[in-house]
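Chemist: According to TrEMBL:
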SIGNAL    1-22  signal peptide
DOMAIN    46-160  domain 'DOMON'
DOMAIN    172-368  domain 'Cytochrome b561'
BINDING   His208, His244, His277, His313  heme b binding site
TRANSMEM  209-227  transmembrane segment
TRANSMEM  239-260  transmembrane segment
TRANSMEM  280-297  transmembrane segment
TRANSMEM  309-329  transmembrane segment
TRANSMEM  344-367  transmembrane segment
Amino acid sequence: MASIFIFILTIFTLLTTHLSHAQQTCTTQKFTNNKLYSHCNDLPHLNSFLHWSLNPSKNTLSIAFIAAPPTPSGWISWAINPTGEGMAGAQALLAYKASNGSMVVKTYNISSYSSIVEGELSFDVKDKRAEYSDGMMKIYATVVLPENGVTTVNQVWQVGPAVSDGFPVKHAFQPANLGAKGRLDLLSGQSSGGGIGGGSGNKKKNIHGILNAVSWGILFPIGIIIARYLRSFPSADPAWFYLHAFCQVSGYAIGVAGWGTGLKLGSDSKGVTYSTHRDIGIALFSLATVQVFALFLRPNKDHKFRFYWNIYHHGIGYAILVLGVINVFKGLDILSPESKWRTSYIIVISTLGGIALLLEVITWIVVLNRKSSKSTKPYDNKQQPLAP
Ligand SMILES: *[C@@H]1O[C@H](CO)[C@@H](O)[C@H](O)[C@H]1NC(C)=O
Ligand SMILES: *[C@@H]1O[C@H](CO)[C@@H](O)[C@H](O)[C@H]1NC(C)=O
């Protein structure tokens, strides 16, 4: 019984923390000169962050790359690879602390693993400088993009343990070091203008967002509300069951389609992996699939295992509910559509939460009345509508 209150509390806590905290770490990072960048990304490896602003008219990209070198005398590096993926071909900016204590930024033309030459890059780099504080190094630079109208680049980033005679010592070869590369969409992460309603490049993401928000974020919660509350009214039997099944099965169908678009987006975006969003998505798909099979394994109402089946079915149902809502917000953080989309979803889910709360109170009143008016009869436990 208490579970529904805990659930509603969880949802509201989630919503309020989402409203008051930025999800990404990079959004709270500040720069000494109060410089502002229009986008930022928590890079998936090596505790690294990239902030950037694209200036399409000048074809320049201003960046601030932040990373933690393995040691204070180590180095950090961020590169664009105009010719391929990974290190071979990368045009790198590299920063470290010189022996006189000041931070230096150098540029390296890495044409192959064996040819790392300090010198000019294949594109112009302006205003490069670096800072070091609290264990984090920052590289600032403005690069003139290799081609006009470029909106995606292959990026590579890296950290290394030391610098010897002005030359960076080889980095580690851990999975995180080897994975620190990929495509960067310079237009994504836009807080307005991009996302829903934006250009055709965002279309797939928007379809993915809408399918999943409707299924996991709206239909599943409605189905759960129907199952939980309509059931307590004898006149709603068996209509509630069909409504519930309809919501969950159509939610599942749309959700699976949305999940498929997510897998496609994931495999398309090699550079930036949103592992939490992806993992929750996979968990949701698995739980929901188990839930659909549960329908076929449902024991009869009076079967002695029905009680355990109910616990299992309700447990997984609430898990899907909570994970689904969390993942819609994770997705909104990634897609960063215009704020009205997030606001709309918050309104929808809060309304559903409010309806659930109201129905919870009404159900209690109905159940208590029924109990007192039938107090001569022994209470039939199977009629108890609220036993999760
Ligand atoms: C410190 O050394 C770097 C290179 O070793 C040099 O470029 C820089 O000018 C030096 N800074 C000062 C303040 O001497
Ligand atoms: C980088 O190195 C490669 C191979 O040595 C060379 O062909 C290329 O011209 C170099 N790029 C620049 C900008 O110097």
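Note that Cβ sites are derived from N, Cα and C of the backbone, with glycine treated the same way.
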Chemist: How about the transmembrane segment (344-367) with the transmembrane segment (280-297) - do they touch, taking at least 3 C-beta pairs under 8 Å (6 or more apart in sequence) as contact?
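Modeler: Output no: the transmembrane segment (344-367) is apart from the transmembrane segment (280-297).
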Chemist: Once the DSSP letters are reduced so that anything not helix or strand counts as coil, what is His277 (heme b binding site)?
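Modeler: DSSP call for His277 (heme b binding site): helix.
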Chemist: Using a 10 Å radius around its CB, how many other CB atoms surround His313 (heme b binding site)?
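Modeler: Taking every protein chain into account, the count is 19.
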Chemist: Could you give the maximum C-alpha to C-alpha distance in Å for the residues His208, His244, His277, His313 that bind heme b per the record?
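Modeler: Between the most distant Cα atoms of the heme b site, 27 Å.
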Chemist: What mean pLDDT score does the domain 'DOMON' (46-160) have in the model?
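Modeler: Averaged over the domain 'DOMON' (46-160), per-residue pLDDT gives 89.
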Chemist: By a simple count, how many Cβ atoms lie within 10 Å of the Cβ of His244 (heme b binding site), its own Cβ left out?
Modeler: 21
Chemist: Give the residue from the binding-site residues His208, His277 that has the most other Cβ atoms within 10 Å of its Cβ, counting over every protein chain displayed.
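Modeler: Answer by Cβ density within 10 Å: His208.
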